[in-house]
Amino acid sequence: MSDERRKIMRVLSGETLTPPPLWLMRQAGRYLPEYRETRAKAGSFLDLCYTPDHAVEVTLQPIRRYGFDAAILFSDILVIPDALKRNVRFTEGHGPVMDPIDETSILALKPEGIMAHLAPVMETVRRLRQELPVETTLLGFCGAPWTVATYMIAGHGTPDQAPARLFAYRYPKAFEHLLMLLADISADYLVAQIDAGADAVQIFDSWAGVLGEKEFEAFAVKPVAKMIASVKARRPKARVIAFAKGAGYLLKTYRQKTGADAIGLDWSVPLAFARELQKDGPVQGNLDPMRVVAGGKALDVGIDDILQQLGNGPLIFNLGHGITPQADPDNVARLVERVRGWRN
Ligand code: CP3
């Protein structure tokens, strides 16, 4: 293993590196002209995810351009509902759509055949590990059960995931069943990614921020803790980053309760609080993606604040959420240069 050269792996083991290594959530995406070109060739978005030639290509694009310290497998969190035959589509301008699930169909969900359906993703991971520079960490990922369940219940994105919150109060048994089923499937999926060559994995709980205190414990912490325990029991050396977007003060015990090695922070997390969280281990984040759209001073100041406040502890520099299609690729180059030039 060449882990010593993979800076992100070193930070995930608790080291402080100056300057900190970096990657960006959604670093392969529509802000890059070369992504749009491959996307047009691939046909549908899911075809892009399931065609290793294309998925490898778009994963590598931001690495070639910027030399990020990690490549993240190109796929989507919604390949799990797709493998569960929920008729997932990505429609132009509307985001993801699928058949909304009800109580009866939750109890009828069959996990058979899922790994066979996801075999092209593993092929992508294997090829990526061969093609990436040795110093580049390869990240696998999946959605957290709560976030994936919100899309499965509503059948599409919503501003506050009200349909899933309502469903959870009305049908607690079916909802618990769905979360635990997703936790088991997702843990197997992460283990398969690790076996195919992923160095570490990130669990995206992008909708953790809409949950009340008790629900955060039951729907966000519990299933993610189950997944991480399952992954670590089988692959003890695996490293896990858990990103609970919008969780705020509830992040205080999130690392301890889930067993994550590192926690991802969104841009609403105050840097003084982030420093407290960093005393317990590595943190990742947390630049507002809109600063990358704005560029100039707004970008520089945002970067410098994070480096000053968090750069003297274990930090993986990242955005607080995915980069948006409006971001200017030149601003990303400026970001990389500024982070790489930092020396306390
Ligand atoms: O570069 C990377 O980060 C890897 C690829 C990646 C994608 N989606 C590609 C994608 C990752 C890690 C994701 C995760 C994902 N997908 C999440 C969690 C992180 C987050 O952003 O909150 C969620 C909630 C999804 C579900 C999803 N996929 C939505 C809501 C959308 C539509 C919104 C949008 O940005 O278009 C997608 C589509 C999607 N996934 C695109 C990409 C590059 C854009 C689709 C396109 O190219 O047409």
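Placed from the backbone N, Cα and C atoms, the Cβ positions cover glycine too.
Nobody curates TrEMBL annotations by hand; they come from automatic prediction.
Summarising the annotation, TrEMBL assigns substrate binding site to Arg26, Gln27, Ala28, Gly29, Arg30, Asp76, Tyr151, Ser206, His321. The annotation domain 'Uroporphyrinogen decarboxylase (URO-D)' is assigned in TrEMBL to 21-30, 139-155. TrEMBL lists Asp76 with the feature site 'Transition state stabilizer'.
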In terms of Cβ proximity under 8 Å, which residues at least six beyond the ends of the domain 'Uroporphyrinogen decarboxylase (URO-D)' (139-155) contact it?
8, 23, 70-73, 75, 77-78, 80-81, 84, 86, 96-101, 125, 161, 163-164, 167, 175, 178-180, 182-183, 186, 189-190, 193-194, 196, 198-208, 211, 219-220, 223-224, 227, 241-242, 244
I need the least crowded one of these binding-site residues (Arg26, Ala28, Tyr151), counting other C-beta atoms within 10 angstroms of each C-beta.
Arg26
DSSP composition of the domain 'Uroporphyrinogen decarboxylase (URO-D)' (139-155), residue counts helix/strand/coil, works out to 10 helix, 5 strand, 2 coil
For a quick check of understanding: among the binding-site residues Arg30, His321, which residue's Cβ has the most other Cβ atoms within 10 Å?
His321
One finds that other Cβ atoms within 10 Å of the Cβ of Asp76 (site 'Transition state stabilizer') number exactly 19
Asp76 (site 'Transition state stabilizer'): which of the binding-site residues Arg26, Arg30, His321 is the nearest Cα neighbour?
Arg26
In the domain 'Uroporphyrinogen decarboxylase (URO-D)' (21-30), how many residues does DSSP put in helix, strand and coil?
0 helix, 1 strand, 9 coil
Assuming the binding residues for substrate are exactly those in the record, Arg26, Gln27, Ala28, Gly29, Arg30, Asp76, Tyr151, Ser206, His321, what is the maximum CA-CA distance in angstrom, rounded?
22
Restricting attention to the domain 'Uroporphyrinogen decarboxylase (URO-D)' (139-155), give the mean pLDDT.
98
